[in-house]
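Scroll down for the structure; my scribbles are underneath it.
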Amino acid sequence: MPKYWFNPSIAHQNFCRSDPLEFGIMPSWESLLTFSVASLILIAIPGPSVLFVIGRSLARGRRSGLLSVLGNELGSLLPMTAVAFGVGSIVAQSILLFTIVKIVGASYLIYLGIQAIRHRRDHSGGTNATEQRPPSGWVTLRQGFIVGATNPKTIVFFVAALPQFVDFHAGNVATQMMVLGLAFTVIAFVCDSIWAVLAGAAREWFASSDKRLESVRAAGGVMMVGLGGSLALTGNQA
């Protein structure tokens, strides 16, 4: 078990050191394995990312869900990189900066949810079939990226967890943190993709009825609106 695991005071003290960040050394295999197992357990429990992916899959289908997963994980690389270079710690501890990121991310999720609810009848047959074209793959990927990059819980998690699995005495802190962050991202991509496929499969059954499809699209939108509201209430100590 890494010496910094569940020891925030030590991790924070070392994380905020003024030593220049170096590159070239990987975290120990013990730290990487322990962090990966802990990440898998955490990711397996449905959280904001899972709810977002399920909501997108229900509202737009499996393809949109998988693209949202990819965009979301790519977006999470931004706060991970910020944490590796010390910026994430500043954001997490600054009430103003954290609130800005939180409100932007929450507002965007609510916007996506409202759009899903408004267009729940699109492409469900009848006169509404041509009212609204589904978003392109690039648009869906970009939307997922924005959600991943502005998720305040991601910033707080990386700030709290990454330093506890890093050997600060070995140096090369940025490299170690980025490797750990990439491991988390890969695990999250696999797990969230499973949720996207399952939700997409459920949607296929609902698609056999226009009324059911409209209901499940609306449910996906409501999930995203609720998630946005939940993130808006997130404190910087979450």
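Note that Cβ sites are derived from N, Cα and C of the backbone, with glycine treated the same way.
Look at TrEMBL and you will find 32-54, 66-88, 94-114, 178-198, 218-235 tagged as transmembrane segment.
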Checklist outcome for this item: Among 32-54, 66-88, 178-198, the stretch with the most Cβ pairs under 8 Å to the transmembrane segment (218-235) is 32-54
Checklist entry - Restricting to the same chain and to residues at least six past its boundaries, which positions have a Cβ under 8 Å from a Cβ of the transmembrane segment (32-54)? => result 1-2, 5, 26, 65, 68-69, 72, 109, 144, 147-148, 151, 153, 161, 165, 179-180, 183-184, 187-188, 191-192, 195-196, 199, 220, 223-224, 226-227, 230-231
Checklist outcome for this item: Per the Cβ filter (under 8 Å) with a sequence gap of at least 6 from its ends, the transmembrane segment (66-88) is approached by 15-16, 21, 49, 52-53, 56-57, 137, 140-151, 154-155, 158-159, 162, 173-174, 177-178, 181-182, 184-185, 188-189, 192-193, 196-197, 200
